[in-house]
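Chemist: Sharing a structure here in structure tokens format.
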Amino acid sequence: MVERKPVFVDWCPGCGDFGILRAEEMAIRELGINPKSVVIVSGIGCSGKIPHFMNLPISGVHTLHGRSIAFATGIKLSNPSLEVIVNVGDGDGLGIGMGHFVHLGRRNIDIAVLVHNNGVYGLTKGQASPTLHRGEKTKSLPKPNIMDAVNPLAVALAAGYTFVARGYAYDVMHLKELIKKAILHKGSALVDILQPCPTYNDINTKEWYDKRVYKLDNVPGWDPVVRKEEEAQKKFEQAIMKSYEWGEKIPIGIFYQNELVPTFEDRLTSNIPNYREYYPAKQQIEINGISTTKIDELIKAKRI
């Protein structure tokens, strides 16, 4: 029996974040990863509380709004031996943080990104997030949303993410398996998680999702894994097409997986051969409290 942390979890009753938290904890435990080598990074929003509520001795970094992927990138590149997992809301990660989201994909850094997708800014009383569809009017909006929705899966595919999946917060066991695969994947991984907000999104509710979601694993012939270069384009196009399926039927599962693309860490090693053995976190930065960096020499070199 695992003893619970004496921390009050203040999410609203029925919040999809409970399922995400549980799936994430189980994924880390079942993979047998030393929790002390796991860093969970979050931004601002209801999802930002994940590191505080995680019932594992992980390292948590609760960062600035929209900057969690930037922080995670610095953590991973300074110490590639760590397992870095990012938790962002759809507003946090796909609004103010969209630039970082896109560039993580093109770099293909070995980081897993979990997007808590509920269509609203739940922490600030339910404004429309980038994933709320045009024409929808949730309870806090005075008028229907007039902007088109961001498609997280399609954006990730176009940006270069090499693992792209979608889960559902109320199907915890299925979500757990997706998170495990995202963590094990070598490269940038996205799990877009459909996460009902019972307080502010009265359209995309548990009842609404329950009769629409279906598993790609149950589709005859569905195979998202790229095993050889000549398959990549076909599997990519297949994933793009499937990512736009929304409405009466909503697919969950793995849309695309390609480990043939070298990670950013691999590419960095081609420029810095000893990077893997002597990465920044292993380097000495001070001697007796004095920095080893000689900035005076740098200033002299740059002085005009």
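The count begins at 1 with the first shown residue.
Glycine too: its Cβ is placed from the backbone N, Cα and C atoms.
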Chemist: Name the one residue among D90, D148, D171 that Swiss-Prot lists for the same Mg(2+) site as N118, V120.
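Modeler: As annotated by Swiss-Prot, N118, V120 share the Mg(2+) site with D90, chosen from D90, D148, D171.
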Chemist: Look at the thiamine diphosphate binding annotation in Swiss-Prot, where I44, G45, C46, S47, G91, D92, G122, L123 are given, and name the residue from H65, H174, H185 listed for that site too.
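Modeler: Checking H65, H174, H185 against Swiss-Prot: the thiamine diphosphate site match is H65.
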Chemist: Whole-number Å only: compute the distance from the Cα of C46 ([4Fe-4S] cluster binding site) to the Cα of H65 (thiamine diphosphate binding site).
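Modeler: Here the two Cα atoms are 12 Å apart.
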Chemist: Compile a sequence-ordered list of residues in the same chain as C15 ([4Fe-4S] cluster binding site), six or more apart from it, whose Cβ lies below 8 A from its Cβ; state 'none' when nothing qualifies.
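Modeler: C46, Q195, P196, C197, P198, T199 - these are the non-local Cβ neighbours of C15 ([4Fe-4S] cluster binding site), listed in sequence order.
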Chemist: Expressed to the nearest Å, what is the distance separating L123 (thiamine diphosphate binding site) and C12 ([4Fe-4S] cluster binding site) at their Cα atoms?
Modeler: 11
Chemist: Under DSSP, is C197 ([4Fe-4S] cluster binding site) helix, strand or coil?
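Modeler: DSSP call for C197 ([4Fe-4S] cluster binding site): coil, neither helix nor strand.
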